[in-house]
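> I am attaching a structure below and will ask some questions about it afterwards.
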Amino acid sequence: MRSLLILVLCFLPLAAPGKVYGRCELAAAMKRMGLDNYRGYSLGNWVCAAKFESNFNTGATNRNTDGSTDYGILQINSRWWCNDGRTPGSKNLCHIPCSALLSSDITASVNCAKKIVSDGNGMNAWVAWRKHCKGTDVNVWIRGCRL
């Protein structure tokens, strides 16, 4: 029994933190946090970006070929925006640990996204937004939601 407990405890750190949001649940949270029309981008843009970046999963991580990693519901990159302790030359422009972006509480992700979108490139900073959302009817992502 004791060895089983030790085995279980060994695997606990491997469990991904975070939450998979529902579409409307995420839209409501993002609206509460001031993303609707932030820097001219409607709420639908943000929900669409989250869908194609992480499939609404706050615990999502993706390693890039340059050695950096994208974190959280909006896949914020460790080269520029957060510190994961393993990306050489990280700028950490949001002044946060990347682990904060994996929380079920999306406050850190939203606050950092506001800095990113204000940096000059707007939402073009997100590849998935450029590929799947830009120039499309993003209102479909909030249609039917009680906001």
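Each residue, glycine too, has its Cβ placed from N, Cα and C.
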> Of the candidates CYS24, CYS48, CYS82, which does Swiss-Prot name as forming a disulfide with CYS133?
CYS48
> Under Swiss-Prot's annotation, the disulfide partner of CYS145 is which of CYS10, CYS24?
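Of the candidates CYS10, CYS24, the one Swiss-Prot pairs with CYS145 is CYS24.
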> Between CYS10, CYS82, work out which one Swiss-Prot annotates as bonded to CYS98 by a disulfide.
CYS82
> Can you give me the same-chain residues 6 or more apart in sequence from CYS145 (disulfide bond) with a CB-CB distance under 8 Å?
ARG23, CYS24, ALA27, ALA28
> When you put ASP70 (active site) at the centre and draw a 10 Å sphere around its Cα, which of the disulfide-bonded residues CYS48, CYS98, CYS112, CYS133 have their Cα inside it?
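The disulfide-bonded residues close to ASP70 (active site) (Cα within 10 Å), listed in sequence order, are CYS98.
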> Taking only the disulfide-bonded residues CYS82, CYS94, CYS98, CYS112, which one has a CA atom nearest to the CA atom of CYS48 (disulfide bond)?
CYS112
